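Read through the structure below, which is laid out as structure tokens, and then see the notes.
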Amino acid sequence: MSPTKVTIVGGYGGVGSALAYTLLTSADPCEVTLLGRRSPYVACQLMDLGGVTPFGDTAVRSGDIDDFADSDVVVITASVPFEPLASRLDFLSRNIEVLRPYFRALAELPADWSGHVIVVTNPVDPLTTWLGHAARIDRHQLLGYSWNDSLRLRIAVGQALGAHASDVVGWVVGEHGDGCVPLFDRIRVGGVPVRLSPEQQRSVSAEIRGWYARWAALGVARTTAWTTAAGVARMIHDLASRALSDWCAAVPLHGEYDIDGVAIGVPITIGSNHVSPVHEWQLAQHDGYALHHAADVIRRHAYQCDDALAL
């Protein structure tokens, strides 16, 4: 198995460095390239992360935008420092400035480029939407990372039912933010479908949608580096794997769910360096309305990207 070439934009930040560490200490062979605007910070991470490369078939180095061309996966984690703002959407205008040179380079990748782009920087949905409009590569090569919402759903359901989160299967579609849509009619525990009571559903929804506000209220200037890094590393592993794995991720839609021109969290399957067409599940009416409302919010914010990142 040849090493997976992963380029991390924002490689010295919390998520970027945690992702590099997770990849370099995994059993999968990989070559990690770190990009960042502050060279001394990148050099510091290289000196530290280089110490774990003897543990496996891994390598780490610094690089630049030219490394996108032969990368298997480009991960966008660069961001302004975390602040306790009202919403992830409040980071959009400043993160556009951080990402401008990288997004423009991604938009110029040729149509036959064979890699994948995973956008992690928030707000992930409008940023992935802009890339879907501007990029030459196929839309199924663009993934916005929003898996943490489904993980939090599984934890909350497990707590409500007295089950371990690893025994729970549950899915959150929609926006990575206030517009997330937990699909309560698809929850399984131990492989068996379960139905939460209305009160349990309200409690679980509040747990998921209120998660960011509770985190921001702590007043600590850090993001969810470890959870996000673990999830993105699993996504990279699954992309390279021959096995197929089900995910929810923000993918640019072209008519699926009657939504067009917006990247939003939807169910997909990945594996063998391939992302499946979007799975169009039959949604409950209220979930369908919520998904469309979230798409409208994302579309409005994506216009800011169009103005600021116009090529």
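Any Cβ shown, glycine's included, is placed from N, Cα and C.
According to TrEMBL, the domain 'Lactate/malate dehydrogenase N-terminal' annotation covers 4-144. Sequence annotations record features per position, and here TrEMBL assigns NAD(+) binding site to Gly10, Gly11, Tyr12, Gly13, Gly14, Val15, Gly16, Asn95, Val120, Thr121, Asn122. Residues annotated as domain 'Lactate/malate dehydrogenase C-terminal' in TrEMBL: 149-297. Summarising the annotation, TrEMBL assigns active site, proton acceptor to His176.
Long-range Cβ neighbours of Gly14 (NAD(+) binding site) (same chain, at least 6 residues apart, Cβ-Cβ under 8 Å): Phe82, Arg222, Thr223, Ala225. Remark: of the recorded positions Gly16, Asn122, His176, the most isolated position is Asn122 (fewest other Cβ atoms within 10 Å of its Cβ). All protein chains shown were included, and the count of other CB atoms within 10 Å of the CB of Gly10 (NAD(+) binding site) stands at 25.
Of all the binding-site residues given, namely Tyr12, Val120, the one with the smallest number of surrounding CB atoms inside 10 A is Tyr12. The NAD(+)-binding residues named in the record, Gly10, Gly11, Tyr12, Gly13, Gly14, Val15, Gly16, Asn95, Val120, Thr121, Asn122, extend over a maximum Cα to Cα distance of 17 Å. Across the structure, Val120 (NAD(+) binding site) and the residue listed as 'active site, proton acceptor' are spaced 11 Å apart at their Cα atoms. Straight-line distance linking the Cα atoms of Gly16 (NAD(+) binding site) and His176 (active site, proton acceptor), rounded to a whole number, equals 19 Å. Mean pLDDT of the predicted structure over the domain 'Lactate/malate dehydrogenase C-terminal' (149-297): 96. His176 (active site, proton acceptor) sits 9 Å from Asn122 (NAD(+) binding site), counting Cα to Cα.
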